[in-house]
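Beneath this line is the structure, given in structure tokens, with notes to follow.
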């Protein structure tokens, strides 16, 4: 399997799953405010509850994604990809039934648990599947296409949310998630266990005589995660960038949406148009720009450009004076949305095919750690600067601070000296080693 056409069933699964996930965000802000603070545009309770949920999701993802990634290295990508795809079904089903306060709280609790594996798990395991089955020369294109299809699905999901009624949004999301799970189980080819490319790449989870409880304890020792991060300078720098990117992405979620609602009176339709523009740019950048630019300027240069674009985007949004300003600023994601696939490509080339799951899982987990801290920083800032208690008149100051995370990340991104793989992680029951 070394052609993009060999990944067609993965592409369909990614599209359907992401389509379902991205139908919800344009509507969820209005539903949250309507359930918690009826007939109000500004709702501190909604801001803090959403921030708390985001922090819990980040904490859960930080713990779960490296585990899912490692288990996919051992038991196969398809088996583990079933978990996040299936987990995304139930929250949409709840809001398809009703959107009153009680239904919202039920959704809130269920989404908090299922989102730990579904929100980032689908992307993480899909990237690992593609990276493990495509040669290093074609890996940038494969990762870019997987990310681009995810963005295209987000685009179509957002577009559908613009025209569907609120009740139909969640019904269609639930159906799409179910179809994704069924399609994947029927058509997606399993990558079973470890690829035995050399004697070091053997099955490492269980010894044939080992007892199941002992092997479970050795599923993913924490020291193996630190071993991966320290295995080379490039991975260490990528870890720092991933954390700062996660911090910025977290601030671009709930705080950004509530800023637009309170400052510019955005509603479901405005959010849908904004996301439509952003995802259009992201899909174009990931599907067409990245595969063509990477062989010419390299992933590290793309990463730096994407971080600069992210900062400029937030800077413009922070001083938005009219409804159309965020629409124009959201054209920048054609470059800014290349940050994550560029990082994933860089990381994938630092490890072998049998470590793609744990590598991508660790990167996703570190990004989730950034998402944990993000609401703790940006939620109070959002509430403060949108209120009359603001120390100075800059309602978008929280968004400027979000952009600073990407500006700071530019420093380690410029330090990355990317070339041939200078190390390779080998995980063993007793630890790991790095082969020069």
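Note that Cβ sites are derived from N, Cα and C of the backbone, with glycine treated the same way.
Please treat TrEMBL annotations as automatic predictions, because they have not gone through curation.
Annotation source TrEMBL lists transmembrane segment at 45-67 (among others).
The transmembrane segment annotation in TrEMBL covers 79-98 (among others). Beyond the ends of the transmembrane segment (79-98), by six or more residues, the same chain brings 13, 17, 20-21, 23-24, 31, 68-69, 71-72, 104, 106-107, 110-111, 114-115, 117-118, 121-122, 125-126, 129, 167, 170-171, 173-174, 177-178, 180-181, 184-185, 188, 190, 357 to within a C-beta distance below 8 angstroms of the stretch.
According to TrEMBL, the feature transmembrane segment maps to 142-161 (among others). Long-range Cβ contacts of the transmembrane segment (142-161) within its own chain (Cβ-Cβ under 8 Å, at least 6 residues beyond either end) map to 4, 7, 10-11, 14-27, 123, 126-127, 130-131, 134, 169, 172-173, 268, 272, 275-276, 279-280, 282-283, 285-288, 290-291, 294, 337, 340-341, 344-345, 348.
As annotated by TrEMBL, transmembrane segment applies to 167-188 (among others). Outside the transmembrane segment (167-188) by six or more residues, the chain places 9-10, 12-13, 16-17, 19-21, 23-24, 26-27, 78, 81-82, 85-86, 88-89, 92-96, 99, 157, 160-161 with a CB less than 8 A from a CB of the stretch.
The transmembrane segment annotation in TrEMBL covers 225-247 (among others).
Per TrEMBL, the feature transmembrane segment maps to 271-289 (among others). Using a Cβ-Cβ cut-off under 8 Å and counting only residues 6 or more beyond its ends in the same chain, the transmembrane segment (271-289) has close neighbours at 22, 25-26, 29, 144-145, 147-149, 151-152, 154-155, 158-159, 161-162, 257, 260, 326-327, 330-335, 337-338, 341.
The annotation transmembrane segment is assigned in TrEMBL to 301-321 (among others).
Annotation comment: TrEMBL describes 397-420 (among others) as transmembrane segment. Away from its own ends, the transmembrane segment (397-420) comes close to residues 233-234, 237-238, 240-241, 244-245, 247-248, 251-252, 255-256, 259, 298-300, 303-304, 307-308, 310-315, 317-318, 339, 346, 349, 377-378, 381-382, 385, 390 of its chain (Cβ-Cβ under 8 Å, at least six residues beyond either end).
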